[in-house]
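This report concerns only the one structure given below.
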Amino acid sequence: MRLTALLLFLLSVTVWDIDGSCIKPKATRSYVHSLFENSDVILAGIISGISYRVDSLYIENITVTPRRIYKGREYLDEGKIIVIGNVLETEPCAHRLLASDVRIFALTNQQGTFLLDAPMIRVSLPVFDTFYTISRKQAHRKRRRTKQAICESSLCPFGSKCGLKTGVCECKAKCRVVTDVVCGSDHTSYSSFCHLSVRSCVLAKKGVRLRVASKGPCSKFYIPPISPSLFSTHLTPHNNHIVFVYSIDICCSCHWSV
């Protein structure tokens, strides 16, 4: 019996989700004009709180912090939050509301009590433009579509920059005369970070990675990383000890006793 009741409950919830669509009127200029004609207050605000009825989980009212007031400023106290009722009866998507949501509200004022007069409107730049121009009784001009900058999607390697006309990554041509010596990962001293970045850009095209190893000139005493191809090893007995002899082409013959 309990299982049957649970299945019926889940089925009812599923059907409600499918049938309970959030269809709202589009914020066309004609629709917004009708809101300005019929509503006492129109504002954009942040939902700061949601109150539910004691006997159910239905919304009783919401608390809103006004941000932009398009109509009815005389009904509002500057900077104070307002409580809006009649939410469940007017808003088809009330079950999706969350605190911190930003919406545009069309309200009716009944002796200091604010009631939702129409479904809430999601905010966007075109919607803000529409409400602003209508509230100021100005002609509405659509925003021009901005083209994506030619370098906006380019990711240039270290030491290069994107050419604004070509969109191709280009290495720097020259550096300012600045004495700020740095040591590169190739153990070469460069006059400045800029000079190293120029060299890094050129080497990057060849697949070589060059970075800053340290500030200041490179140390004179330097042993390069040992590669197996650069040395040969053999064992020699010496006074009852085994001695490893490394013959390195770059450096010298070094002996370590084991």
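From the backbone N, Cα and C atoms, a Cβ is placed for every residue, glycine too.
TrEMBL annotations:
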- 22-149: domain 'NtA' (DOMAIN)
- 170-220: domain 'Kazal-like' (DOMAIN)
- 1-20: signal peptide (SIGNAL)
Rounded mean pLDDT for the residues that make up the domain 'Kazal-like' (170-220):
86
What counts of helix, strand and coil residues does DSSP assign across the domain 'NtA' (22-149)?
31 helix, 44 strand, 53 coil
Within the domain 'Kazal-like' (170-220), count helix residues (DSSP H, G, I), strand residues (E, B) and coil residues, in that order.
12 helix, 11 strand, 28 coil
